[in-house]
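Copied from TrEMBL, the annotated features are:
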type	residues	note
ACT_SITE	B:E59	active site, proton acceptor
ACT_SITE	B:D70	active site, proton acceptor
Amino acid sequence: MSSEFFIPDPEGHVPNAEGYFGDFGGKFIPEALVAAVDEVAVEYEKAKDDPSFAAELGDLMVNYTGRPSALTEVPRFAEHAGGARIFLKREDLNHTGSHKINNVLGQALLTRRMGKTRVIAETGAGQHGVATATACALFGLDCTIYMGEIDTQRQALNVARMRMLGAEVIAVKSGSRTLKDAINEAFRDWVANVDRTHYLFGTVAGPHPFPAMVRDFHRVIGVEARRQILERAGRLPDAVAACVGGGSNAIGLFHAFIPDTGVRLVGFEPAGHGVETGEHAATLTAGEPGILHGSRSYVLQDEEGQITEPYSISAGLDYPGIGPEHSYLKDAGRGEYRAVTDDAAMQALRLLSRTEGIIPAIESAHALAGALELGKELGKDGLLVVNLSGRGDKDMDTAARYFGLYDGESAEGESK
Amino acid sequence: MSNASEKTGNIQLLSDTLAKAKSEDRAALVAYLPAGFPTVDGAIDAVKAVVAGGADIVEIGLPHSDPVLDGAVIQTADDIALRGGVKIADVLRTVREAHEATGAPILVMTYWNPIDRYGVERFTAELAAAGGAGCILPDLPVQESALWREHAEKHALATVFVVAPSSKDERLATITAAGSGFVYAASLMGVTGTRESVGNQAQDLVRRTRATDGARRGLPVCVGLGVSNAAQAKEVAAFADGVIVGSAFVKLLLDAPDLPTGLDAVRALAGELAAGVRRS
């Protein structure tokens with residue numbers, strides 16, 4: 001049973017019972033968490049079949065989030081992409097400003113069904129943290145957000161938003177002090193407080209059932225986009241494109257198009273200063289299969305299995321792992337994954353702002369930069385749907401420094 | 001290295017050591033120390049000190065960049081070891097030299113990715129060749145462990161699984177049926193680190209673990225997490241086959257002004273704990 005807005009994977013062929021998408025996925029978790037993770041899986045299976053769950057989630061998506069999100073054609077931007085038609089799926093217009101709210105509302109309902117009263121979450125750019133803090137305010141749940149110390153600095157606005165919403169924000173000072181370390185710390189909290197706490201995981205990674213469950217909550221993106229592009233353009237697109245950090249907005253857009261074999265699924269990873277410099281977070285481009293945060297997937301690691309420190313200008317993509325379903329799509333040849341540098345993403349951010357009056361998040365700007373290249377490859381007859389996963393308000397400080405938008409300060413980025 | 005595949009691991013020594021402690025009406029004292037901390041040779045000296053003080057069995061930590069199950073003390077030590085450039089080869093040398101110097105059974109405790117990446121066959125062969133007795137892999141759950149166990153058995157290495165207060169009885173049965181050497185019972189829900197009290201969850205978990213078929217066959221149950229002093233060791237020794245202490249030793253080394261002072265402190269604490277684990 002499903003509503004128009006909650007349609008779990010109708011094929012139901014992946015993952016298998018052990019949580020594997022081909023060779024990727026699984027459940028590499030400490031024994032202390034086995035009961036809690038199993039409880040999430042059981043409760044989610046029940047919820048999936050419960051019409052009242054789909055109805056309540058559908059109601060929230062319409063009347064709280066503001067779904068369906070618009071599909072906006074961007075012709076002035078597309079002039080820079082070889083003339084291909086480009087449509088943006090406007091997840092930036094959702095309440096809280098990104099796609100993250102889709103998953104958060106689903107898991108918040110699940111938290112309530114499990115009778116838990118406290119939620120913890122990791123966040124990189126702060127968008128998942130803000131969405132989680134929002135849902136906790138709405139449902140009256142205690143909320144603790146773990147965020148790498150570097151990210152609390154570059155996304156200070158979102159830290160303030162989370163605190164305004166009543167969440168406790170803990171700056172994580174271990175390791176690379178970014179998203180990966182925030183996840184480590186959230187797992188430590190969960191092990192110690194699992195009785196009353198749900199770990200509201202923010203992407204399509206982690207142990208089974210999170211990759212499949214989080215994907216299901218984001219499937220609405222692609223389901224809507226597919227219907228909208230058929231209405232607007234009269235045909236399926238040649239490609240759908242999204243940025244890829246952990247991979248949640250990308251899988252949300254891609255999934256409804258997987259059976260449409262004529263539609264290319266293209267993910268854009270953060271190349272940072274360039275994959276060749278080693279300062280990047282392009283996991284599928286440069287990683288090897290390994291285990292991180294509870295599942296087997298591509299991982300940035302050294303030859304001894306130590307996770308290497310990622311880098312991206314975008315806090316939301318600055319992660320050395322990737323959801324297992326993306327690894328599966330890559331190895332199956334169904335998904336294409338390319339890398340986009342900081343500079344290309346920042347140029348695309350400014351271009352969309354000035355041609356269309358839409359300021360994208362730096363994360364989403366990676367997909368826009370990729371779309372400029374993809375559009376040129378497709379030519380004038382090309383048709384492209386790009387996921388605009390979040391809005392750029394949170395990134396204005398980074399962008400202002402990069403482009404020299406503050407009075408009396410020169411550009412840090414463009415001079416490099 | 002040429003005879004690596006001929007030499008078998010020391011799982012029997014591990015079992016004999018636990019049996020000997022039992023025959024002496026005491027729990028075994030199991031110490032944890034990370035390889036490469038404060039240096040590779042310093043860690044080897046720390047193993048010698050802890051055995052000299054009275055530890056029966058030693059777990060050598062193979063440091064990992066993402067120690068999700070470790071608290072601040074072991075995270076800090078791992079960080080120092082990794083920044084010092086410790087490699088798996090250094091961990092294996094630590095096992096070899098520690099075992100040769102002390103004769104004690106030496107286990108490796110680490111996360112799954114380093115071994116997955118290094119190669120399960122290569123790692124188990126080299127650990128057995130170094131005289132290792134087995135492995136504790138807390139993020140490798142029993143349902144993902146078939147490949148590991150196949151190679152561990154081939155090389156006579158123990159597979160020590162962790163059980164937790166949240167483990168349901170049917171899982172305890174699955175785990176004790178698959179495990180060897182001993183079972184690591186986590187005394188509480190949490191990461192490594194010293195605690196004020198051990199709490200009563202541990203005794204209940206040991207009771208439930210002992211009730212499984214695997215444990216009734218004679219698989220010992222050792223308790224770890226949070227134990228740091230002789231009084232706690234005595235409390236745990238009353239109901240467990242072994243008492244595992246890690247962070248308390250590491251903290252002594254972290255806080256010491258120099259290595260010799262730290263080694264003296266480690267030896268002294270091991271002595272106190274060894275007295276604590278005697279039941280009479």
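Glycine too: its Cβ is placed from the backbone N, Cα and C atoms.
Note: the Cα of B:D70 (active site, proton acceptor) and the Cα of B:E59 (active site, proton acceptor) are spaced 14 Å from each other. All chains included, 26 other C-beta atoms sit within 10 angstroms of the C-beta of B:D70 (active site, proton acceptor). Remark: B:E59 (active site, proton acceptor) has B:V30, B:A31, B:Y32, B:L33, B:I106, B:L107, B:V108, B:M109, B:I136, B:I244, B:G246 as non-local neighbours, by Cβ distance under 8 Å and separation of at least 6 in sequence.
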